[in-house]
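Trainee: Below are the features I grabbed from TrEMBL:
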- 28-53: transmembrane segment (TRANSMEM)
- 28-401: domain 'Major facilitator superfamily (MFS) profile' (DOMAIN)
- 65-86: transmembrane segment (TRANSMEM)
- 93-111: transmembrane segment (TRANSMEM)
- 117-140: transmembrane segment (TRANSMEM)
- 152-175: transmembrane segment (TRANSMEM)
- 181-200: transmembrane segment (TRANSMEM)
- 228-250: transmembrane segment (TRANSMEM)
- 262-284: transmembrane segment (TRANSMEM)
- 291-310: transmembrane segment (TRANSMEM)
- 316-339: transmembrane segment (TRANSMEM)
- 351-374: transmembrane segment (TRANSMEM)
- 380-399: transmembrane segment (TRANSMEM)
Amino acid sequence: MTVTDLVDRWRARATIPSLSISGKGAGLLAMAITQIVAWGVLYYAVLVAAPAIAGDTDWTDREVFLAITAGLLSSAVCAIAVGRWLDRHPRRVMVSGAVLGTLAMLGAAASQNIWTFATAWIVCGAAQAAVLYQAAFTVITHRYRSDRRGPLTLVTLAGGLASTIFAPFTGWLVVEVGWRVAFAILAVILAGVLVPVYFLTVERAWPHLEASAATNGASRRALQSTRFWVLTVALALLSFSLGAATLSAVPASVEKGLDLQSASWVLGLIGAGQILGRVLYLAVPYRSAPWIAPVVVGALGAASLAGYAVAREPGWIFAAAILAGAVRGAFTLVQASAVSDRWGTTSYGRLNGMLAAPISALTALAPGAAAVLAGLWGSYQAVSLSMAAICLAGGLLVVRR
């Protein structure tokens with residue numbers, strides 16, 4: 001008998017099975033907490049520490065950020081296999097991801113050259129695929145099925161708090177003990193929270209799923225359909241355009257004449273807008289056609305990016321930032337629901353992994369692409385206008401799909 005079997009028996013005797021109402025509530029709270037920690041440690045911490053890492057080593061800022069980008073691309077590639085595994089062994093995948101993330105953080109802390117640091121961050125990318133939003137969305141979709149919208153929103157709201165909590169905490173740690181010790185401390189926090197919580201609250205398997213030929217055939221038919229790949233392209237365009245414009249908000253706002261502090265507020269308002277957008281997403285009628293939400297995101301996203309491009313007064317810049325953030329926040333939930341709203345929940349992990357991979361890859365490249373295009377075209381205004389056009393195209397592409 002394995003340790004997992006013993007835990008399952010204990011949970012059954014304690015009358016808190018994972019599919020009971022109380023079990024679902026506890027599981028949702030646990031998932032929300034782990035998303036705060038996972039995003040804070042595996043995503044935001046290195047962004048905060050990057051200048052200190054470059055300053056403490058002989059690595060350039062560009063090399064550090066290239067390593068971070070390599071990790072994001074690794075996450076995109078791993079999403080395909082991880083999604084399929086989450087349909088079968090959710091607990092095993094998420095616990096393994098937490099352990100892998102811990103090892104990656106420790107490896108990064110011990111790195112003596114940029115190559116070992118980059119390798120550690122590529123491993124971190126694999127861990128991200130197993131514990132961040134896409135993995136959480138798969139677990140929630142299988143657990144709650146037709147009641148998934150509220151839990152999905154709650155988890156993304158919790159994830160949105162990660163930067164608020166962990167960015168200043170990481171900054172304080174880096175100043176007090178240095179980035180290497182800070183990463184080691186964060187690794188301990190990651191392991192101490194994620195491993196036991198996932199082990200005790202994530203389902204070992206999904207009772208309503210069977211690895212049958214019918215199930216595999218349904219997912220195969222979806223992957224062979226034009227509808228799936230048009231949807232993938234459309235969502236990738238939406239994600240890329242929104243990411244490129246919003247993640248370059250600081251240099252774009254400085255270009256408009258704002259000082260650095262005011263430009264930083266623009267980025268902060270985008271973050272606040274994301275929370276607003278995720279709440280407003282619940283206002284979309286549950287039984288409305290699945291293509292309506294992404295079309296609205298495309299239209300409002302195009303309007304906000306175009307408005308930001310032409311805005312000159314701080315008030316209008318701030319207003320456009322809030323709207324763009326709200327659209328980006330709603331997009332997270334549009335993507336999370338894209339598969340289940342069209343093909344059901346049975347093969348959600350596999351299909352969502354295939355959907356998320358190109359979206360994540362393009363999003364990882366978006367900030368760098370914005371900087372390159374701004375250099376080629378001479379301004380971030382041109383970048384914002386072009387991203388508005390791409391965003392609108394993404395929305396139109398998904399009409400009636």
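Cβ atoms here come from the backbone N, Cα and C positions, even for glycine.
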Trainee: Using a Cβ cut-off of under 8 Å, list the residues of the same chain at least 6 residues beyond the transmembrane segment (262-284) that approach it.
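Mentor: For the transmembrane segment (262-284), the sequence-distant neighbours (Cβ-Cβ under 8 Å, at least 6 residues beyond its ends) are 149-150, 153, 156-157, 160, 163, 246, 249-251, 253-254, 292-293, 296, 314, 317-318, 321-334.
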Trainee: For the domain 'Major facilitator superfamily (MFS) profile' (28-401), provide the mean pLDDT of the predicted model.
Mentor: 90
Trainee: May I ask which of the stretches 117-140, 152-175, 291-310, 316-339, 380-399 has the most CB pairs under 8 A with the transmembrane segment (228-250)?
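Mentor: The stretch with the most contacts is 380-399.
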Trainee: Could you tell me what the rest of the chain brings near the transmembrane segment (351-374), counting residues at least six beyond its ends with Cβ under 8 Å?
Mentor: 69, 72-73, 75-77, 79-84, 86, 134, 137-138, 141, 219, 222-223, 228, 231-232, 235-236, 239-240, 243-245, 247-248, 251-252, 335, 338-339, 343, 380, 382-383, 386-387
Trainee: Does the transmembrane segment (380-399) come close to the transmembrane segment (291-310), meaning at least 3 CB pairs under 8 Å for residues 6 or more apart?
Mentor: yes
Trainee: Are there at least 3 C-beta pairs under 8 angstroms linking the transmembrane segment (380-399) and the transmembrane segment (117-140), leaving out pairs fewer than 6 apart in sequence?
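Mentor: Output no: the transmembrane segment (117-140) is apart from the transmembrane segment (380-399).
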Trainee: Cβ under 8 Å, sequence separation of at least 6 from the ends of the transmembrane segment (181-200): give me the contacting residues as numbers and ranges.
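Mentor: For the transmembrane segment (181-200), the nonlocal Cβ contacts are 4, 7, 11, 30, 33-34, 37-38, 40-42, 45, 49, 91, 94-95, 98-99, 101-103, 105-106, 108-109, 131, 170, 173-174.
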Trainee: Counting only residues 6 or more past its boundaries, what in the same chain has a CB within less than 8 Å of a CB in the transmembrane segment (152-175)?
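Mentor: Same-chain residues near the transmembrane segment (152-175) but 6 or more away: 28, 31-33, 35-41, 43-45, 47-49, 52, 132-133, 136-137, 140-141, 181-182, 185-186, 271, 274-275, 278-279, 281-282, 329, 332-333, 336-337.
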Trainee: Hey, which bits of the same chain come close to the transmembrane segment (93-111), Cβ under 8 Å, at least six residues off its ends?
Mentor: 38, 41-42, 46, 82, 85-86, 117, 119-121, 123-124, 126-131, 135, 139, 179-181, 183-184, 186-188, 190-191, 194-195, 198-199, 202
